[in-house]
C-alpha cells in the first residue's frame with residue numbers, strides 16, 4: 001500500500017534516498033521522497 005515503504009526504508013539525514021525511491025518504485029509508485037526521515041511514495 002501507499003505507506004508500505006515508511007517502515008522498510010528509513011531516510012538518511014543527508015543525501016542518498018535511493019533505497020526509499022527503489023522501494024516505492026517496486027510498490028508501483030513513481031518515486032519516493034523523504035519527509036522527516038520517513039519514506040513517502042508519490
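Every residue number used here counts from 1 along the chain in the order it is shown.
Each Cβ is built from the backbone N, Cα and C atoms, and glycine gets one as well.
Lifted from Swiss-Prot, the feature list:
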DISULFID  5-23  disulfide bond
DISULFID  11-34  disulfide bond
DISULFID  20-39  disulfide bond
DISULFID  24-41  disulfide bond
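A 10 Å cutoff on Cβ-Cβ distances gives residue 20 (disulfide bond) a total of 24 other Cβ atoms nearby, all chains included. Under DSSP, residue 23 (disulfide bond) is assigned to a helix (H, G or I) in the three-state scheme. There are 16 other CB atoms within 10 A of the CB of residue 34 (disulfide bond), with all protein chains counted.
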